[in-house]
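Here is what Swiss-Prot records for this protein:
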TOPO_DOM  1-49  topological domain 'Cytoplasmic'
TRANSMEM  50-71  transmembrane segment
TOPO_DOM  72-424  topological domain 'Extracellular'
SITE      E80  site 'Involved in channel desensitization'
DISULFID  C94-C195  disulfide bond
DISULFID  C173-C180  disulfide bond
DISULFID  C291-C366  disulfide bond
DISULFID  C309-C362  disulfide bond
DISULFID  C313-C360  disulfide bond
DISULFID  C322-C344  disulfide bond
DISULFID  C324-C336  disulfide bond
SITE      D356  site 'Involved in proton-dependent gating'
TRANSMEM  425-454  transmembrane segment
TOPO_DOM  455-527  topological domain 'Cytoplasmic'
Amino acid sequence: MMDLKVDEEEVDSGQPVSIQAFASSSTLHGISHIFSYERLSLKRVVWALCFMGSLALLALVCTNRIQYYFLYPHVTKLDEVAATRLTFPAVTFCNLNEFRFSRVTKNDLYHAGELLALLNNRYEIPDTQTADEKQLEILQDKANFRNFKPKPFNMLEFYDRAGHDIREMLLSCFFRGEQCSPEDFKVVFTRYGKCYTFNAGQDGKPRLITMKGGTGNGLEIMLDIQQDEYLPVWGETDETSFEAGIKVQIHSQDEPPLIDQLGFGVAPGFQTFVSCQEQRLIYLPPPWGDCKATTGDSEFYDTYSITACRIDCETRYLVENCNCRMVHMPGDAPYCTPEQYKECADPALDFLVEKDNEYCVCEMPCNVTRYGKELSMVKIPSKASAKYLAKKYNKSEQYIGENILVLDIFFEALNYETIEQKKAYEVAGLLGDIGGQMGLFIGASILTVLELFDYAYEVIKHRLCRRGKCRKNHKRNNTDKGVALSMDDVKRHNPCESLRGHPAGMTYAANILPHHPARGTFEDFTC
């Protein structure tokens with residue numbers, strides 16, 4: 001049996017349109033004049049040069065925009081926001097004299113006399129020429145260490161016991177016109193010793209708020225700084241103070257006081273008015289800014305702040321260099337002894353604060369609340385009120401003038417200022433600039449770019465198919481792919497025999513043409 005087959009292997013006919021046809025229908029401006037069916041002419045050359053120049057300018061501008069984006073620029077937005085109520089800040093103050101003279105015992109003098117510059121290293125009073133006779137007599141009695149058996153000494157207990165007591169210092173206290181008491185102040189230790197914080201927001205007490213601005217709507221306290229309790233100054237040490245008055249810091253409840261570096265002084269004999277404005281600062285994290293976005297790095301404080309970071313860093317520095325910590329420092333390291341204070345802790349901390357700029361590098365938190373201040377003051381007491389105040393507090397007029405001060409802290413207005421860093425150039429701006437430049441120089445859009453990619457894909461696919469990567473075998477069917485016939489089929493449908501043996505009387509002309517109506521198609525094919 002012999003089969004006749006017509007097999008054909010053909011290439012898928014996916015040929016893309018010509019570049020001229022694509023250019024004529026593309027939304028990309030200018031290329032229809034470059035790729036045309038006309039022969040090369042000056043017009044086409046000029047269009048090509050203009051198009052390439054526009055592409056070059058577009059690339060230049062887009063490169064500039066992309067470089068600017070990766071500079072991560074930012075702008076600062078300043079705004080004032082009115083409020084119906086504001087949280088009153090924490091107010092911390094310290095007497096500039098760390099220890100009360102009357103509270104220094106013989107045991108204190110034995111252990112810390114040299115630290116306080118009251119004794120020399122031989123336990124002797126160094127200079128008696130400038131001493132007050134009454135103080136000198138008391139000090140000589142305390143400095144007599146014959147048959148004295150020293151007892152254990154603890155710096156924390158000494159600071160707490162010998163520091164100024166709020167119950168003796170506070171003569172009057174009002175907040176928003178309502179009386180307050182020493183119980184509203186929380187003890188806090190700083191480098192100035194025993195200090196007090198009003199509105200600390202701790203120990204279960206809520207943070208106080210104010211509903212109005214101006215004097216009378218904040219905190220007003222009258223204090224006695226007790227200059228007669230100041231330690232006599234016969235020499236200079238890190239614990240010696242030449243000033244009289246208090247140091248004050250206004251700060252957020254979320255950060256500890258760093259009053260020795262950030263506080264301002266208030267002098268006796270004056271009423272000091274402090275007008276505040278709350279400022280909320282919002283910084284950007286890298287790469288747009290330098291703020292620290294993460295919190296919780298400190299093992300001593302829950303909320304990250306620059307002051308918390310500095311205290312934490314100073315504590316680690318002293319523990320590493322002196323194997324102890326100062327009274328105001330957090331942690332569980334042992335407190336420094338008076339000898340360690342004098343020989344190591346005070347010099348090391350002074351060096352760290354004033355000269356070392358590399359050990360304690362504290363990043364700015366991304367959200368900061370601070371308080372701008374404006375100070376003004378008036379003399380107190382007046383001549384008219386001096387006698388009244390002296391009688392009221394059972395003191396002399398001279399004592400009132402040398403020891404009494406009034407501190408009035410209030411909000412200037414019931415609003416706050418926001419200082420916010422914002423991204424100056426974001427992805428949306430970059431895309432908008434690039435899209436605008438594309439439209440300006442070449443009249444293109446994102447869809448135009450998709451057109452180009454689609455045409456490039458079709459061209460690449462066609463070229464790959466021409467190399468034999470897309471060939472397929474196909475069999476022709478009876479209608480359009482050809483028919484495979486066996487010899488039996490040919491014999492059964494043999495028209496030639498019928499032509500040779502046609503019935504009698506049926507004749508065909510010798511000159512009959514193929515496809516004549518008298519003959520069939522199949523007969524034409526087989527014969």
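In case you wondered, yes, glycine gets a Cβ from its N, Cα and C as well.
In this structure, of the disulfide-bonded residues C94, C309, the smallest number of CB atoms within 10 A of the CB marks C309.
Beyond its flanks by at least six residues, the transmembrane segment (50-71) meets 30-31, 34, 425, 427, 429-430, 433-434, 437-438, 441-442 of its own chain at Cβ-Cβ distances under 8 Å. The disulfide-bonded residues recorded for this entry are C180, C309, C324, C336, C360, and the Cα of C309 lies nearest to that of C366 (disulfide bond). When Cβ atoms from all protein chains are considered, those within 10 Å of C180 (disulfide bond) total 19, not counting its own. Separation of the C-alpha atoms of C195 (disulfide bond) and C173 (disulfide bond): 16 Å, rounded to the nearest whole number.
Between the CA atoms of C324 (disulfide bond) and C309 (disulfide bond) there is a gap of 18 Å, rounded to the nearest whole number. Cα proximity to C322 (disulfide bond) (within 10 Å) is found for the following recorded positions from C94, C180, C313, C336, D356, C360: C336. Of the candidate recorded positions, E80, C309, C344, C360, C362, the one lying closest to C291 (disulfide bond) when CA atoms are compared is C362. C336 (disulfide bond) sits 9 Å from C344 (disulfide bond), taking the CA atoms of both as reference points.
Cβ contacts within 10 Å of C336 (disulfide bond), excluding its own Cβ and spanning all protein chains shown: 22. DSSP assigns C173 (disulfide bond) to a strand segment in the three-state reduction. Considering only the recorded positions E80, C94, C309, C344, C362, C180 (disulfide bond) has C94 as its nearest partner by CA-CA distance.
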